[in-house]
Each structure stands twice: as C-alpha cells, then as structure tokens.
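Peer 1: Below, the features straight out of TrEMBL:
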BINDING   Gly15, Ser16, Gly17, Lys18, Gly19, Thr20, Arg126, Val135, Tyr136, Thr199  GTP binding site
REGION    35-64  region 'NMPbind'
BINDING   Ser36, Arg41, Gln62, Leu63, Val64, Gly89, Phe90, Pro91, Arg92, Gln96, Arg159, Arg170  AMP binding site
REGION    125-162  region 'LID'
DOMAIN    126-161  domain 'Adenylate kinase active site lid'
Amino acid sequence: MYTKIFRAVIIGAPGSGKGTISELIVKTFGFLHISSGDILRQNIIKNTDLGKKAQSYIAAGQLVPDEIVTKTMIARITEVGNKSYILDGFPRNGAQADILSARCQINAVIDLNIPHDVIIERVKHRWIHAPSGRVYNIGFNDPKVSGKDDVTGEPLTQREDDKPEVVAKRLQLYDELMGPVLAWYGERGLVTTFKGRETKEIWPRVERFLKDKVNKG
C-alpha cells in the first residue's frame with residue numbers, strides 16, 4: 001500500500017504499549033518491527049551467548065549494556081536493508097542516536113507518554129507467548145482461550161521483569177535515560193508525543209499521524 005521508505009523510532013516506558021502499537025503499525029503500514037527486547041528475548045530462549053549475557057541484566061531489572069544492544073540492533077538494521085521499519089528499544093541514549101543517524105535517516109519519533117501508575121497496574125495483567133513474543137493484556141487484548149496463545153495453543157507466561165518492584169525500577173531508569181534521547185530528537189524536530197492512559201485511545205492518533213507523514217512523501 002505504501003511504497004515510500006519510512007523509518008520511525010517508537011519511544012515509551014516499559015509497559016507503555018509500544019509492542020501493541022508497533023504491531024498495529026506493522027499490520028496497517030507493512031513496516032518491519034525491529035525490537036531490541038524481542039531480539040534479546042529470542043536469544044535468551046535459544047540460550048545463545050548473547051542471551052546468557054542479557055538474562056542476568058533483564059532479570060534484575062537492569063538495562064542490557066549499550067555495547068550489546070548497539071551491536072545487535074545495527075546488525076539487524078543492516079540485514080533488513082532498504083525497507084521501512086519502526087525501531088523499538090533503540091536508540092536509548094545520545095551515543096546510540098548518533099550511531100544510528102550515521103547509518104540511516106529517521107523520519108519520525110513516536111513518543112508514548114503513559115502515566116507510571118497506569119503502567120505498573122497494566123503489567124500485572126500482561127501475559128506473553130515467549131517463543132513468538134506475542135503479548136496479551138487481560139481486559140484489553142485477551143487471548144481467545146484463557147492462558148493459551150491464539151496461534152499455537154501453547155501456555156502463556158508472565159515475564160520476570162513484569163513484577164511490580166522490577167517495573168518500578170525500570171521506569172526510574174527509563175526516565176533518567178530517555179529524557180536526553182527525546183531532547184536529542186526534539187532538537188531535530190522529529191518528536192511527536194501521544195499522551196493517554198489506554199492504547200485504544202492513542203492508536204487512532206498514531207495512525208492518522210503516520211498516514212499523513214507517509215502520504216506526504
């Protein structure tokens with residue numbers, strides 16, 4: 001449907017709905033979704049060297065070191081080549097933004113601004129199908145069969161880093177680290193912020209924004 005090459009970054013605290021919004025963008029616009037979290041979790045499941053390194057940080061509510069994330073994401077971006085995509089979880093600081101800008105042009109930054117108390121409550125109801133990364137939110141995006149993945153029928157699980165105390169720590173880290181990234185992109189006129197408490201109220205505005213951006217090309 002959309003032939004223009006378009007690259008976006010989606011920014012939001014853990015549990016802000018980045019995954020759900022990104023999935024809707026993929027379905028609507030055909031963009032690739034390149035998520036640092038998904039890539040790292042797949043490596044954890046496969047018990048790769050990268051996965052083993054990442055697991056200790058994630059389980060403790062800490063961010064995986066920059067060097068690991070940057071190397072992983074730049075490799076994936078290089079692999080996909082000349083296609084439209086949305087980056088999720090990268091860049092997360094000015095140094096990574098500099099590295100990314102040297103590789104490709106970012107057309108827009110989507111900033112999801114969700115209150116922290118809403119996020120902490122939300123992740124209590126989040127379940128995932130670990131092998132695929134599919135996410136379900138009880139009360140909003142429920143699985144067809146309780147506790148089972150829609151596609152495979154396999155059991156759903158909750159992530160270790162969705163525990164309230166771990167989430168609170170991650171939100172604090174997020175605020176400290178992502179403020180400068182938003183400022184970096186804001187200086188370049190690329191940031192559009194979408195405020196709200198629910199994904200279903202934010203998505204229509206994101207969709208209109210992207211349609212306008214892509215069609216202008």
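From the backbone N, Cα and C atoms, a Cβ is placed for every residue, glycine too.
Automated prediction, rather than curation, is the source of TrEMBL annotations.
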Peer 1: Among Phe90, Tyr136, the binding-site residues in question, whose Cβ has the most other Cβ atoms within 10 Å in this structure?
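Peer 2: Selected residue: Phe90.
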Peer 1: Could you measure between Val64 (AMP binding site) and Gly15 (GTP binding site) for me? Cα positions, answer in whole angstrom.
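Peer 2: Rounded to a whole number, the Cα-Cα distance is 17 Å.
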Peer 1: For a quick check of understanding: given the listed AMP-binding residues Ser36, Arg41, Gln62, Leu63, Val64, Gly89, Phe90, Pro91, Arg92, Gln96, Arg159, Arg170, what is the maximum Cα-Cα distance in angstrom, as an integer?
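Peer 2: Value for the max Cα separation, rounded to a whole number: 26 Å.
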Peer 1: Taking only the residues in the region 'NMPbind' (35-64), give me the average pLDDT of this model.
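Peer 2: Taking every residue of the region 'NMPbind' (35-64) together, the mean pLDDT is 85.
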Peer 1: Please give the greatest C-alpha separation between any two of the GTP-binding residues Gly15, Ser16, Gly17, Lys18, Gly19, Thr20, Arg126, Val135, Tyr136, Thr199, in angstrom, as a whole number.
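Peer 2: The span, Cα to Cα at its widest, is 13 Å.
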Peer 1: Quick test of the contact rule: Cβ under 8 Å, at least six residues beyond the ends. What residues does that give for the domain 'Adenylate kinase active site lid' (126-161)?
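Peer 2: For the domain 'Adenylate kinase active site lid' (126-161), the sequence-distant neighbours (Cβ-Cβ under 8 Å, at least 6 residues beyond its ends) are 14-15, 19-20, 35, 38, 41-42, 45, 58-59, 61, 167, 170, 198-200.
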Peer 1: Please give me the binding-site residues out of Gly15, Arg126, Tyr136 that lie within 10 Å of Arg92 (AMP binding site), comparing Cα atoms only.
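Peer 2: Hits: none.
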Peer 1: Within 10 Å of each Cβ, count the other Cβ atoms and name the one among the binding-site residues Ser36, Gln62 with the highest count.
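Peer 2: Counting Cβ neighbours within 10 Å, the top one is Ser36.
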